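In TrEMBL this protein carries:
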REGION    1-28  region 'Disordered'
COMPBIAS  8-21  compositional bias 'Basic and acidic residues'
DOMAIN    59-423  domain 'SAM-dependent MTase RsmB/NOP-type'
BINDING   Cys177, Ala178, Ala179, Pro180, Gly181, Ser182, Lys183, Asp208, Asp235, Asp261  S-adenosyl-L-methionine binding site
ACT_SITE  Cys314  active site, nucleophile
REGION    428-495  region 'Disordered'
COMPBIAS  700-712  compositional bias 'Basic and acidic residues'
REGION    700-788  region 'Disordered'
COMPBIAS  725-738  compositional bias 'Basic and acidic residues'
COMPBIAS  766-775  compositional bias 'Polar residues'
COMPBIAS  776-788  compositional bias 'Basic and acidic residues'
Amino acid sequence: MGRRARDRRWQQRQERGDGGGRDQAGWAGGYPEIVKENELFERYYRELGIVPAGEWDAFMAALREPLPATLRITGYRSHAREILHCLKDKYFRELQDLEVDGQKVEMPQALSWYPEELAWHTNLSRKILRKSPQLERFHQFLVSETECGNISRQEAVSMIPPLLLNVNPHHKILDMCAAPGSKTAQLIEMLHADMNVPFPKGFVIANDVDNKRCYLLVHQAKRLNSPCIMVVNHDASSIPNLQIDVDGRKEVLFYDRILCDVPCSGDGTMRKNIDVWKKWTTQNSLQLHGLQLRIATRGVEQLAEGGRMVYSTCSLNPVENEAVIASLLEKSQGALELADVSSELPGLKRMPGITKWKVMLKDGQWFEDWKDVPSNRQTQIRPTMFPVKDEEKLKAMNLERCLRILPHHQNTGGFFVAVLIKKSPMPWNKRQPKVHQKVQQRTGDTEGTAANLDNGSECITEEPALAENEESKKTQESQNSDTEQSKKEGVCGPPPSKKMKLFGFKEDPFVFLSEDDPLLLPIQKFYALDPSFPKMNLLTRTQEGKKRQLYMVSKELRNVLLNNSEKMKVINTGIKVWSRNSDGEQFGCAFRLAQEGIYTLYPFIHARIINVCIEDVKILLTQENPFLSKFSSETQKKVKDMAMGSIVLKYDPDPEKPDDLQCPVVLCGWQGKTSLRAFVPKNERLHYLRMMGVEVFKAKRKEEESEGKTAEEVQLAQTEEGMDVEDKEHDLVTKMEAEIGEESSHSPVESSAMEVENKTEDLDQSSKNANSHVSQESKDADTSTVKD
């Protein structure tokens, strides 16, 4: 409803005399305030004793308080230190001794257990943020840096699972239930811990069952500009085994690290999802237990020996937590063990996992043992929901090694984490299938197409495939017999495998360029690419017609894509490194550099690089198309003998000038006849300007702010638009349209120099995708199943 319609409605109500003031309940829409009480919740958790003696009142009081906002500085960027320096020395300093409505503003605090002060929490509400210019500047800073991917707004407890995975850059990682993607972003950052390595050997495959939420996941991952991320769309409980080529033989892909953050009832999120207060019953946990166990089981099946899997929920219920872990440990027969992580994340207050619990129905009826459950209730309550009765087995499980995070200990949400290590194959997978297929060498000018591999790009003989099917049947028969035996013993065996379903929107193909593709030679010559440049990793999203965008993935993800086209539905992968420019061919190269992939490409480029000083960078970022005469004499000399076209602009910090920006900056640009311009998205421009100490905040009233400013300051102010973090559905739709489509136009400056190629039908389809996504998000808010 628009402002005028609201005012009209309010005026009508005043005339009728049924709604005097704006502060009355009717003005707020007539919604009754949710009472933060749930008798069944208190009865259940009091009986289970999950809260230490004497802390119950503090526990309940914390649940009724709003959750503090938390933010995390992207750890792998070379300028993470600069962002932290900017936060502490500028924005936080402005908040010192600041009072709003007579109350002193509480300063943001670093999370004591998060490494290197890269995570902070604050109690500042939206209402307070709008009441002070200093706070609004801080708010605008958070919004813009979040868009760039330099800051992520993420709940504090949600940051724990990726940290406990102990990720190294060479690890192959699976995120089983990844949307909306905050934890996935952490994993990507860890892969890129060393910024001097453009292509880490590891990768992240991020999966989600909801096709629409996958596009939100893509948006989150895209902010980090990594060639090592792939988003796929599958049911996590039946995610397929993937294959990779190892020295000409196909082998099953096992992951070094798996994040298993399963859907849950979400009673640990009551502080931010207040609907949970009125909707909570034990029935939610009983319904989700089976799914959680199937997902966790599928995860450990795909885990490599010696690998680590983190199982986590935002629930406090042992039926979703310890019961799942105990069942998994019991049927693993020693193949799994709980890792002792008590020495990791010092400063994090945690409670040990519990070993005794009972099961309760939504009507309040308790059961302590499976044998006590009447037959008419045995579809709701399963044997795996109860604790292990054998004391020796229970002791060997070490369930106390699980982590329970309680809200009142460090002003967070409630959370559960368990870290599992795989020592040997699972009992029903003792002979894990390995496909030994000799891969024939490619010949001729064929392109590797991940959309359809039986088009001649890769030839595989039929006989080994048949042998694999026979082995799979034997494995399935073995699993079925194990399942029957387990049922007799009252233990849930491995889940029956399901047929893979592909659903959602049809994706464009992933077509790898052949080594002798005619597109590559002019690019290689124009930019003087290093001989080590992995040109076989370049791909496009079209099989026919002009290739308008070139993307790049790591060698390892290329391997996965080429060998699994029929097994998985890939939503997105790769970063854009070159875009076709309609005027480019006359300058010697039809493709210009894309800012999204410049940090990956830069180490391989040996030509068309201009080193600029910090004053030149400011000119490039504040003026749309500055004349060469405005730049330093050194820059003018370098540009003088260089041909027109796409260029790299590089800034190197000067250690002797500590007040200047102390991190390197690489920008894409274009050299014209008399001008030099940067092709950088709006929010990235603002980010670099902030790091250089240029004030880019624009207050809400443009007219008042523009008075008395120079033309350059006005132009700079106009480059930023005021945005609200909480009211960005339109921005989300626009970004999703850009992610789903072939071309993403980030700014007027960038789009003015290239051919606009979004076709009407593509845009219409993208709009449908995005609108249905927003609709799904609103539906998800009303469900009892919470995925943080």
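Each Cβ is built from the backbone N, Cα and C atoms, and glycine gets one as well.
Please treat TrEMBL annotations as automatic predictions, because they have not gone through curation.
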Proximal but sequence-remote residues of the same chain as Gly181 (S-adenosyl-L-methionine binding site) (Cβ under 8 Å, at least 6 apart):
Ala206, Leu216, Leu217, His219, Gln220, Ala221
Whole-number mean of pLDDT values that fall within the domain 'SAM-dependent MTase RsmB/NOP-type' (59-423):
92
Long-range same-chain neighbours of Lys183 (S-adenosyl-L-methionine binding site), Cβ under 8 Å, sequence gap at least 6?
Ser158, Met159, Pro161, Pro162, Asp175, Leu259, Asp261
Listed recorded positions (Cys177, Ala179, Cys314), ranked by Cβ neighbours within 10 Å, top entry:
Cys314
What's the longest C-alpha separation between any two of Cys177, Ala178, Ala179, Pro180, Gly181, Ser182, Lys183, Asp208, Asp235, Asp261, the listed S-adenosyl-L-methionine-binding residues, in angstrom?
20
Separation of alpha carbons, the residue listed as 'active site, nucleophile' and Ala179 (S-adenosyl-L-methionine binding site) (Å):
14
Count the other Cβ atoms sitting within 10 Å of the Cβ of Asp235 (S-adenosyl-L-methionine binding site), across every protein chain shown.
18
If you measure Asp235 (S-adenosyl-L-methionine binding site) to the residue listed as 'active site, nucleophile' at Cα, how many Å is it?
20
The residue listed as 'active site, nucleophile' versus Cys177 (S-adenosyl-L-methionine binding site) - Cα distance in angstrom:
13
